[in-house]
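S.K.: This is the structure, below, for whatever I ask next.
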Amino acid sequence: MLRVDNYESSVFIVPNLLQNLLSYDVSILKASMNFFQKNNFSSLLPSLNSQVWILASGRFLSNVGTGFTLFYAPIFFVNQVGLSATAVGWALGSASISGVVGRILGGAFSDSQFWGRRRTLLLSAAIAAIACFVLAITPDFTTLVIGNLLLGLGQGLYWPATEAVVADVTSTDQRREAYAVTRLADNLGLGMGIVFGGVLIGTTGAYRALFILDGLSFLIFLAVVYFAIAETRPQENQTGAFAPGSWQIALSDRSLLVFAIVNIIFTTYIAQLHSTLPLYLKNFVPVSSGGQGFTETTISILFGWHMAMAIVTQLPVARALKRFTHPQALTISALMWTLGFFCIWITGTVASGQITWAILALSLLAIATVAYTPSASALITDLAPPAQIGIYFSINSLCWAGGYFIGPPLGGWALDQSAAIADSFWLGSALSVAIVVGILQYLRRLLGSREQERAGSSGGTRRTRKTRKTRKTRGTGE
């Protein structure tokens, strides 16, 4: 097997691989479209604004690149560059520091008259592309931190803007399915990226080429936004996004703040899935007599299965959860996280059948994720006043920064300890879901009271108008 991991080999490999992947992606998309048209499956897809589908296409292409690095970055920087798991965890977590700045600016820019959603997306894609190219040449901890700080800034700018675009062009009844479609595109892209990344690593070992491909995918996303995405910010929204009042409204919303606590915990779970679990499967699950864990190829297949499950279940789960309130849907997601973490704990402790338990765990975690993301985004949209949607999604995205700041260092610390602590880490994660369920029950009561207040206020307004109209009629009669 050819094993290479230097700059020259990566630069040589990338153009040919990119050409092959793009042609393969295009052929898959064409075949899929022909299949759906031939079998009249278009009725199974939700009827949404064309901007949602264009944005989803761009997100798909971008996430193909992200999938190249998402699960392999920790393995590369620990096993190839030679950094400790704790150091890599802190470096990956450093993206959350700049991510905080990016998310604050992303929400403010999205609501501003000058920047709007579109320009914010363009800026985020450009910064993320630069970050990936920095990571491609990373030789040490300092450069790794710099690359992650840039990547965090780009991602921070991205999320409030892209979520606001979907909210702008959809109705309340459409939003769960609209967010499910964009997440479906994310997962489909990630799944393809993971598979192709595993093939590249398994045949060449050129880890650095993965980051170059990731950077190119962000440039492709930039082109999609520039040529095909229109500005969707409501023209009547002329409020100053940087005005203290815009943030004061959001920060005084008790329901939003309670959900933020839950959101941070959920995103901490997702961070463990992305940063901690691949390294755990590689270094701690004894699948051979020598105590070695799963190979990179096996991990690629496992997470490819995880993405496939997310892709297959994304729209069905979103439709099934439409009958539930947002807190109820999130509670279902939380229970799935419990089962998934418990199965990971079993994977690392059983003497045989580890692959079966790993498949079951990643299947459950896929369903947990697809149940969480559309419901969370739809809840934020329902809570936000129209003029502060970007700000509300900025706070929502800050929760992701918090989760990714906590998750990688925490997981890295656990993996630097004994095998017993590393195994118990997943059992503790499963038990922590009880806290999430308790907070969600409190949020459900808050939202119920909020709806009653709105109904009472609306009823009072109608009664006042009716009284005024009656008095006016009587006055005219006299």
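Backbone N, Cα and C define each Cβ position, glycine as well.
Sequence annotations record features per position, and here TrEMBL assigns compositional bias 'Basic residues' to 462-478. Residues or ranges marked as domain 'Major facilitator superfamily (MFS) profile' in TrEMBL: 51-447. Residues or ranges marked as region 'Disordered' in TrEMBL: 453-478. Taken from TrEMBL, the feature transmembrane segment covers 52-75, 87-109, 121-138, 144-166, 178-201, 207-229, 256-277, 297-317, 329-348, 354-374, 386-405, 425-443.
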S.K.: Mean pLDDT, the domain 'Major facilitator superfamily (MFS) profile' (51-447)?
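M.R.: Mean pLDDT, the domain 'Major facilitator superfamily (MFS) profile' (51-447): 87.
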S.K.: What else in the chain is close to the transmembrane segment (87-109), if you only count residues 6 or more beyond its ends and a Cβ gap under 8 Å?
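M.R.: For the transmembrane segment (87-109), the sequence-distant neighbours (Cβ-Cβ under 8 Å, at least 6 residues beyond its ends) are 73-74, 77-78, 115-116, 119-120, 123-124, 141, 144-145, 148-161, 241-242, 246, 275-276, 390-395, 397-398, 400-402, 404-413.
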S.K.: Among 52-75, 178-201, 256-277, 297-317, 386-405, point out the range having the most Cβ pairs under 8 angstroms from the transmembrane segment (144-166).
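M.R.: Stretch with maximum Cβ contacts: 386-405.
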